[in-house]
């Protein structure tokens, strides 16, 4: 019999004899078919790993190679897994576990389980054994290719029979690992709290007692300096509910953030991540570069990309992600292709759709590394980051899978006063952005409502003519979001549209609904401007844009034809804003499939047009002289 590399045979048989099949533990639903229908179910949640039992077979073989990954310094590598099984079945599948030891010996005590499980950790990805060989059921032989990223731990591959709903562990492979599993990886940039500050956040396996984290950086071609980094992490008991507290838990390593200050405007900087070990030696990342932000109000070409609900996907075809996040890679690849023409990115909620499976956050930061390491990657909080029962979120569901905002606010930096309250403002040249957190109370009189008004009121429209509001859920208008007699979040427009009108917000962006829709400049359900492709003169009404087609399964539109809706598209895509100067803005909606423009309009106006009095948007006047 092939033995588990991490478990003695005596201990294995002891476990098999004393452990009974565990009951409710974590989250898993029955699923035997090999492909979903795009219903948005997190693939790892289909695995009833809490029900897994040992059924090791001496004649089954699983071998993985190469044994050491990343020998040329890369943070990803391809692995070949060879399977030989004398009694193959259609629903045999291979799971990738990391750490390699996934036995019950590593299970932590938890109030969320009724009985101790055989396996307490979900795999980080999986494939069916016949994925690349349709004859597997006849021959019992298959060769699968997996692409692995460095996630600070070693890996093993396990063959299960019984499908995803009734898994039986048949065999486990040898252990493989990266050459430097603790290496600093996956940097993501963010605007700091001032316009001339950039933050760099990354992950590593080094605690501060092992190594001191820092960033070495400087203007391109000039001398470099070093800035220290702070280190954070989070723990299983920080999670609010299963599966994040149970089968979805995976140690996140250590998250480091460094603040690069006093940057010169619109200048190119190079940087690399470093850790100084206790013996005085250094561990370095590869080199990266970014362009610093323009001075607020600076008159120059400025390009912004905005989308929501992208998620992650697997380039090796694992996890049936073609049905879960079918457009994610296309969106990612289009942004990478056009990266030289992008200055800043806003991913406005529903970031990874990890839904409590913590391993997926590393995989997402790896997917967007080429983007996030080069331009600021600003995020907003969505229901799949924040919502958990009895956790203080405005909505009491468990869309975050128990993450309750902890993972998002640690993995990504945003310039919020309190990152647990994910609202903030940021400037980029001629743009002023107000980022709301739709998962906390935004109604009139709330703490966030006061922030939103302060943020909108603080925009100096002579310097920053383009005022943008962002939230994840549709607090404005959407033809496909019919809820409680409102085309949008109930009470959303009633609470906020007065502010949008008073402060003359140009465009309000939302995600949550997985499609694209653009309205006319609208106020109280009425179009305030005629035309579809060009707007000029007085600012009256706000254009509402749903841009939730970043990658997740698509949403359709309702049967009602709304008068304020100008363009609808149930497809994957993103928006690009180009400010040419203080008077001219170009809006483009591009599809992720080809990067072409499918909807667009322009705005042209002068400063006096922003100042002009409109209905519910007038400054007080006096008859006094």
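Along the chain as shown, residues are numbered 1 onward.
Placement of Cβ uses the backbone N, Cα and C atoms for every residue, glycine included.
Per TrEMBL, the features are as follows:
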DOMAIN    62-180  domain 'Purple acid phosphatase Fn3-like'
DOMAIN    187-291  domain 'Purple acid phosphatase N-terminal'
DOMAIN    303-516  domain 'Calcineurin-like phosphoesterase'
DOMAIN    541-600  domain 'Purple acid phosphatase C-terminal'
SIGNAL    1-30  signal peptide
Helix, strand and coil totals (DSSP H, G, I; E, B; other) for the domain 'Purple acid phosphatase N-terminal' (187-291): 3 helix, 56 strand, 46 coil
The domain 'Purple acid phosphatase C-terminal' (541-600): DSSP-derived helix, strand, coil residue counts: 0 helix, 30 strand, 30 coil
PLDDT averaged over the residues of the domain 'Purple acid phosphatase N-terminal' (187-291): 97
